[in-house]
Amino acid sequence: MNSLVIPPGLILILGGLLLPWLTPRLRSFAAIGFPLLTLMMVWLVTPEHSMKLAFLDYELDILHLTSEGRVFATVFAMMAGIGALYALKHARILELSAAFVYAGSAIGVTFCGDLISFFVFWEIMAIGSTLVIWANCHQNKRAYGASMRYLLVHLLGGVILMIGIAAHVANTGSVEFTAMKADNFATIMIMIGFLINAGAPPFSAWIADAYPEASPSGTVFLSAFTTKTAVFALLMGFPGESILIYVGMYMVFYGIIYALLENDMRRILAYSIVNQVGFMVVAIGIGSELALNGATAHAFAHIIYKGLLLMSAGSVLLMTGKRKCTDLGGLFQSMPVTAINGIIGALAISAVPLTSGFVTKSLETSAAAEAGLPWVWFMLVAASAGVFLHAGIKFPWFVFFQKDSGLRPPDPPWNMRLAMWIMSFLCILIGIVPGIIYGILPYTLDYKPYTVDHVVTQMQLLLFAGFAFFALLALMKRTLTISLDLDWFYRKLMFGLIIWIKENIPQLIAPVITGFKNFGQRKFDRLVRVHGPQGILARTWPSASMVLWVAVLLAVMMILHYMRPD
Amino acid sequence: MSKNTSPEKQKHWLYREENRRTLWIIQFAILFIAILPEFFMHHHASFEAQGIHLDASSTFYAWYGFATCAAMVLGAKLLGYVLKRKDDYYDD
C-alpha cells in the first residue's frame, strides 16, 4: 500500500482553502498546480487503496476507486484546472477558492465507498457552489437572490437524500454505496435526492435560474460539477431503473423547448445542460453496458464542450457587459477567437463528426437500438436534431451573427483565449481519437463510431435540422422575455399567498407561528425523552474525534468570516 | 468600425443584402450534396425484430431531422404564448 496516496478531492478542497492566503503570484501557480496534482492523484489510486474512517458504528471509506468514479474525477480535475486558467485574471478570490472546494468535494463524491461520506461531500458541494454564485453579488444584484433559491433547492434535496440514507441504513444495516433498486421508501428518497441535483422535474428551473447569475468564470465551474455528480450517483446507484428513461426524456425535451424560448445567451446554455443530462439519465435508465458506457463518456465530453460554450459566452459577457441575444450580434467581426471556439463547442454539442459529441452521444442512441426500444431511439434521434437547433445554431447565430449590433469589442485576455483553445483541442482530439475515452470506460467497448452509414446519416440529420432553423427563423425572433417554469409556484404563488394573508387576515399569522413553534418543541422533547441520555448522541466519543470536529468547525468559521461579502 | 459613410459597403459581406441570395443557394447546394448518398446506399434497420423499417427507408434522416425540428420550433412558439413573461417579471 502506497502511503503517499490520499483522497484526490482533499487536495483540491485544502488547496481551495489555502488560496486566499497566498501572494497573487503564487496563487496563479497554485490555481493550476492543485488541479494538476489532483489529476495525478486520481490516477495513482488503485482498487487496493482505501482510507477507512470510523463514524458512530459505521466504517466509512473515502478512497474507494471505481472505474466510473475515475472517469468523472478525471474530467472534474481537468475542469477545475482549465476553469482556473480562464478565471485567473478576473475572478474574485472567494470565487476561485469556493470553486476549488466545490470541485474537490465533487471529486470526493466519486471516491466514496459509503453513503455517509458521500452525503458529507454532497453537502459541501452545495455550499461551495452557492458561494461561487454569491461571489458575484457585487457585480450582479440578482446573484444574491438566485444563490439563496439555489441553496434552498439543494438543501431540500439534501434533506430528502438524508431521509433516504437514514431509512436505508435502518433497513439494511449497511452504509455501503452500491447499486440499489428504487422499490422501497428509502431507496426512492435517495433517488429523488440524486435527481434534484440532476435538474429533474419538477426541480429543473434552478439551473437556468442560478447558474447564469454567476460571473463568466463562475458559470463555467457551476456547469461542470453538480449535475454531473448527480449523473455519477444515478449511474452507480440506480443503473437500469426504467423510470429514469421517462424522467430523462422529459429533461431532454424540456431543455430544448425552454432554450428555444430563451433570450439570455447563458440561460440558453443552462437549459441545454438539462437537455444533455437528460440524455445521460435516459441511458442510465436503459442500463445496459453500452448505455452506461455511453452515459459516462457523454458526461466526460459534455463537461468539456459545455465548459467551452460557457467560456465563449462568458467572454462575450465580460467584453460587452451584455447577455441578451436582443442586444448582441455580429461579434464574429471583432471577437474571432471567441467566435471560433464558441462554434467548435457548438459543433461538439451537436455531435458533428470529428468532435467529441459524435463519438460519445451515439453510444446512447445505439444503446436504445440495442435494447430494442424503438420509441426511445426515435425520440433521442429527434432530440439530437433539436440539440443542433437550440445550442448548435441558436447560440452562435444570435451571439456572433444575426443582425449586426454595432458592438466591436476585442477578444478577451490571453488566459481566457488559451483556456478556450485547450478546450477546443480536447473536443476535437476526443472526436478524432475516441480510443482515449473508450479506453477508460467502465465496460469493455467494441464500437466503431466512424462508419459511412453513421457519418452520412448524422450529417443529413443535422444539416436538415439547420435548414429548419433558417427556414423558420422568423418564428424565433428574440423577445425581451423569460419563460414561466414550475418555480413559479414557490417564487410567485406561495410568496403572494403569504403577502395576501399578511395584508388581509393578519390575525392568522401569530397563531400559525406559535403552532409551528409548539409542534417543533413537542417533537424535540420527544426526541430527548426517547433518545436522550441513552441515545446515540449521549455515548462517549473518543476525544480525538471531538478535537477533529472542533477543528473543522473552527476552520469553517474562519473561512466564513474571511469570505463575508464586502 | 461602423462609420456612417456608405453603410452598404462598410458592412461585412455576410450582412450585405446582395449576398443573401448566394447564401441561400449555398445552403441548398450543401443539402443536395448531403442527400446524394441516398442514391447509392442502404441504411441498416435497427428495429427489424420489432417490425419497424422506417429508419432504414431512403432519406429518413433528412426529413425526420427537418420535420421534428420544425415541430419543436412550432411547439415552442405555441408554448411561448402561455409561458412568456417580461424579463423583469420576478424583479421586485
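Glycine too: its Cβ is placed from the backbone N, Cα and C atoms.
Among the features that TrEMBL reports, domain 'NADH:quinone oxidoreductase/Mrp antiporter transmembrane' is placed at A:113-382. Residues or ranges marked as transmembrane segment by TrEMBL: A:6-22, A:29-46, A:93-111, A:149-170, A:185-208, A:220-237, A:243-261, A:268-287, A:331-355, A:418-443, A:455-475, A:546-563 (among others).
Note on the transmembrane segment (A:268-287): residues 198-200, 204, 207-208, 211-212, 219, 223, 227-228, 230-231, 234-235, 238-256, 258-259, 262, 294-295, 298-299, 302, 306, 309-310, 313, 325, 349, 361, 363-364, 367-368, 371, 373, 376, 380, 383, 386-387, 390-391, 394-395 of its chain, located 6 or more positions outside it, place their CB under 8 angstroms from a CB of the stretch. Counting Cβ pairs under 8 Å to the transmembrane segment (A:93-111), the top-ranked stretch among A:149-170, A:185-208, A:220-237, A:418-443, A:546-563 is A:220-237. Within the chain carrying the transmembrane segment (A:29-46), a Cβ under 8 angstroms from the stretch's Cβ atoms is held by residues 2, 4-6, 8-9, 11-12, 15-16, 18-19, 22, 63, 65, 70, 73-74, 77-78, 80-81, 84-85, 87-88, 96, 100, 103-104, 107, 111, all 6 or more beyond its ends. Non-local neighbours of the transmembrane segment (A:185-208) in the same chain are 115, 122, 149-150, 153-154, 156-158, 160-165, 167-168, 170-171, 226-227, 229-231, 233-234, 237-238, 241, 247, 250-251, 254, 258, 262, 267, 270-271, 273-274, 277, 281, 485-487; each lies 6+ residues outside the stretch with a CB under 8 Å from one of its CB atoms. Within the chain carrying the transmembrane segment (A:418-443), a Cβ under 8 angstroms from the stretch's Cβ atoms is held by residues 66-68, 70-71, 74, 78, 82-83, 85-86, 289-290, 292-293, 296-297, 300-301, 304-305, 307-308, 311-312, 315, 337-338, 340-341, 344-345, 347-348, 353-360, 449, all 6 or more beyond its ends. Same-chain residues lying 6+ beyond the ends of the transmembrane segment (A:331-355) with a Cβ under 8 Å from its Cβ atoms: 272, 276, 301-302, 304-306, 308-309, 311-313, 315-316, 319-320, 361-362, 384, 387-388, 391-393, 395-396, 399-401, 404-405, 407-412, 417, 420-421, 423-424, 427-428, 430-432, 450, 455, 458-459, 462. Outside the transmembrane segment (A:546-563) by six or more residues, the chain places 17, 20, 94, 97-98, 131 with a CB less than 8 A from a CB of the stretch.
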